[in-house]
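J.: Take a look at the following structure, please.
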Amino acid sequence: MARRRSQRVCASGPSMLNSARGAPELLRGTATNAEVSAAAAGATGSEELPPGDRGCRNGGGRGPAATTSSTGVAVGAEHGEDSLSRKPDPEPGRMDHHQPGTGRYQVLLNEEDNSESSAIEQPPTSNPAPQIVQAASSAPALETDSSPPPYSSITVEVPTTSDTEVYGEFYPVPPPYSVATSLPTYDEAEKAKAAAMAAAAAETSQRIQEEECPPRDDFSDADQLRVGNDGIFMLAFFMAFIFNWLGFCLSFCITNTIAGRYGAICGFGLSLIKWILIVRFSDYFTGYFNGQYWLWWIFLVLGLLLFFRGFVNYLKVRNMSESMAAAHRTRYFFLL
């Protein structure tokens, strides 16, 4: 039985060697199975070596042939592994599920990193765990580079006193909560409402007065109607008194002061009284006014009224101007 097993091993050795050398593109699983079967056959042959060795030696060197065949099987398995390891991968990105743990791996890094976008091929090693750890540690490093800076590195600008003053000027500080939420009583609310209505009414009346009599800022003091002085009053008075109605028109139209106009009125009234007396006591007009005394009295009273009106109004205006000397740009209008 032992001789038959050794012959079977010797016969199967060359066939296994030829199959291992002739099929280098077989999968890793076939090479591994051949290696395992060769090891099992070698172990069986080594256990029964003493009787088999004698048989092989007696049979013309069958024992060395079996040893050579087992060695050839091991060499063929190694060549098969090398050929499989050197075979190019048609698809680098796809991993073959039939390959064992000693195959090739492709580590995919962060796609956002343009500098490391190409695939990195790692050689087959027995311990790929440190490389995976290194790749995993490089990925968080890239993520931490894009993270925001810590809060301690951010500098906060403290507003200065000038900025605070400017902010307080444009944005006043609101009152405290106790003051803002405290409601006034009914009497206080009514008083505040009455005061607001009075202020609004005063403002409305002042606005209406300004609209009705707008101030004329385009006039200067020389163009305004001023009071005048006593000299202008006497000049206009004598012009109207001497030249009668012609002097009255000239003095009233030329002068632009209250004194000149009231002086012209006063002089014209006195001139009218003068001519009434002349006509009454003259011998030239005895035939015209002897029976018409009422007409004389009418002109005499009219002259007296004009004289006293001009003189009295001028005195009132002068006294008023002296009492209101502090008022600036005041205008006086008096009707004749």
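Note that Cβ sites are derived from N, Cα and C of the backbone, with glycine treated the same way.
Pulled these from Swiss-Prot:
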REGION    1-24  region 'Disordered'
TOPO_DOM  1-231  topological domain 'Cytoplasmic'
REGION    37-156  region 'Disordered'
COMPBIAS  37-48  compositional bias 'Low complexity'
COMPBIAS  78-99  compositional bias 'Basic and acidic residues'
REGION    148-151  region 'Interaction with NEDD4'
MOTIF     148-151  motif 'PPxY motif 1'
MOTIF     174-177  motif 'PPxY motif 2'
SITE      Y186  site 'Not phosphorylated by SRC'
TOPO_DOM  279-287  topological domain 'Cytoplasmic'
J.: What is the Cβ neighbour count of Y186 (site 'Not phosphorylated by SRC') at a 10 Å cut-off, with all protein chains included?
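T.: The answer is 7.
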J.: Where does Y186 (site 'Not phosphorylated by SRC') sit by DSSP, helix, strand or coil?
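T.: SS state of Y186 (site 'Not phosphorylated by SRC') = helix.
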J.: Taking all residues of the motif 'PPxY motif 2' (174-177) together, what is their mean pLDDT?
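T.: So the average pLDDT across the motif 'PPxY motif 2' (174-177) works out to 74.
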J.: From the DSSP assignment alone, can you count helix, strand and coil residues within the motif 'PPxY motif 2' (174-177)?
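T.: The composition, in the requested order, is 1 helix, 0 strand, 3 coil.
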